[in-house]
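The next block holds one structure in the form of structure tokens; read it before the comments.
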């Protein structure tokens, strides 16, 4: 059986009627109120002959007003508002199209519907209901003809309630029928005739039979007055046809009730007696019971509803606040003689519009589906009999135990990770404490004492000393450059060496390299065998001490020298340090940037061709650059002659710069170990054992730094796009250590600055001034941008899957913004961080992060050139841009 067709049935799908209930209702009920309409009839011929004025007037489409000034009941309201009001010139077609059509046609979608006509006698109830019934049936057949994919079966039945006796209008026998209550069917009429309709003409003939069978009589107010309540019921069953598929096996069943109530009347006005008086009494009694039920339902209380006070209310119980959509047409006479009856009708309608109904789609299983369902149920029961131990409670207990086991396994994994991290920290702490004492002991035994002239030690050749000094000096400069990111470069030690005409200056310069070499050798080989090597910062701290002791004497002598030559700084150092570290140098020239990390231990061999090392020439007492062009050599004396100094900067591309940093970090350990072993043998020391343990700690160190960076991102309100790029690019390789260290120190500086309530300097954040409030606002705007990108980047299915995955209700409002606000919020949950990065990458169009993106990320470490006038020089100020 196939799918349901039609726009009306699509609405049924939205109401949640996919789940079938055997013999009952399926889907979620739709809360609705009874729709109340008012139709004002024109004055009759008798009323016109008596010259009775029209006391009621429709002032708009929803309000009827009492316009007479006759002081009948001054406390009564003069205006009543309903869902729709039709004046006397409106036709029955308009009443149907604009009032009850939507309710009546709910029957083809599996929803029960009921249409009442309520009012005083001679107000036009039967006239209105006859036209509404014909228009409804015509539209139902028109709907059936347009939806041939479903098979429809229509059944018709008709009853009247005359003097509280139920009679079948389709039967020639005048036998009273009885009401029965059933748990599944509800209240039904026993032995009621139900005819299966062939076509529209067949139904017309049956309606004519009902009109002929109904009890009518003449009264003073009406020549042909209905003396009974008439209920016409049209049952519609629909199911998909077999040739459209076999997966659909449910049937929609609904009924439409057309209720023409007898009119209320006063005996004094109708001048009724005998039989007419008895009929009027039963009519008024049943209408009174109906009014009581409506009034109690409108109050919304849980009190008893007296449905059983009348057979009319018992039959219509599902339509009154039950499983049906209901519309009541209140017919009104505008004549002065019917003012009190008209007001009672309007009061009834005012109460009825407050009654709430719960209409549901009625889905019934077919025989085939029911048999299949019963077979499955039988198999399940037989299985339980064969295995009585496997009960539902036992299955629930097993599921709970499995959940506890998974939870404990997760906790054990986290505890193991914390244990490994604690052991690593303890090992580093013990190692650093032992190194302090061992360095002092080994320094007294193996250090080379320099003479008062600070000359070169005799046991070490000049070439080896120069090589070691350059190696350690460049290493020292690189780490100090990274530290300048935090301190702003105010406490940097600026050293300059120049050509001196006196031997004392030359010896002092040589002594500087000698002390550097000795300090590096002592720090490298002062460890017992079997321990892990000291960290890079501890090693360079030992190198820094002799520099500090010689800085004062060397600085005073070099400033007064007439042949001062500035040692070129590495390009990476100038890129990473701020401009403040050059502010203390009282000179008017610009330092040439022509060394590109030449002697860094992790420098690849092929990168040495970009710049050659500085060598000390003992014969000429000058510093020269081997293999370089003559245009790259300039002295302070030449600068005074020419009046300006040319800043010869050799900027490499961003891609080359990032590649160099990655390659240097990757081979840093192997290169350093080789240099340490060679230098150790040259002075008679044993090589360090256990050096290979150092790289093994990097995965744990990476996880630790990554977690700290993620928490600092959240604390400093860093851009989500920056977080995503950084998290996806650097995944724990040895070459990522430089990026991790720089990012961690930058974020720590921002956090400390925010905590003090100050604003980071331009040397750190570049050209952008930031604050916690500004960063939070930028982050909020970025989340709103990502929410807008979800509409563009994701399809409807992907968005719904994303809402479910991120715990956002599909019925809530601003779902995309809710998802965006949950990104990157759980800093302790690495899986949450990974999912956040994946979603942000998808929204910004990042499909597959590769080397190209790493080169783009290298821009973060490139210098920002801001022209700044410094005295008489045309220098450049460099700073690290901000990611905040």
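Here the Cβ of each residue, glycine as well, is placed from N, Cα and C on the backbone.
According to Swiss-Prot, the ATP binding site annotation covers 119, 120, 121, 122, 123, 124, 125, 126. Among the features that Swiss-Prot reports, coiled coil is placed at 364-435. Annotation comment: Swiss-Prot describes 449-460 as compositional bias 'Low complexity'. The compositional bias 'Basic and acidic residues' annotation in Swiss-Prot covers 461-483. For 498-523, the entry in Swiss-Prot reads compositional bias 'Polar residues'. The annotation domain 'Kinesin motor' is assigned in Swiss-Prot to 33-355 on the grounds of sequence analysis. Swiss-Prot lists 434-530 with the feature region 'Disordered'.
In the structure shown, the C-beta of 119 has more C-beta neighbours within 10 angstroms than that of any other entry among the binding-site residues 119, 121, 125. Look at residue 124 (ATP binding site): DSSP puts it in coil.
Residues 119, 120, 121, 122, 123, 124, 125, 126 make up the record's ATP site, and a Cβ search at 8 Å around their centroid adds 41, 117, 222, 263, 331, 333 from the same chain.
For the binding-site residues 120, 122, 123, 126, the largest tally of other C-beta atoms within 10 A is found at 123.
Non-local neighbourhood of residue 124 (ATP binding site): 39, 41, 331, each in the same chain, at least six residues away, with C-beta under 8 Å from its C-beta.
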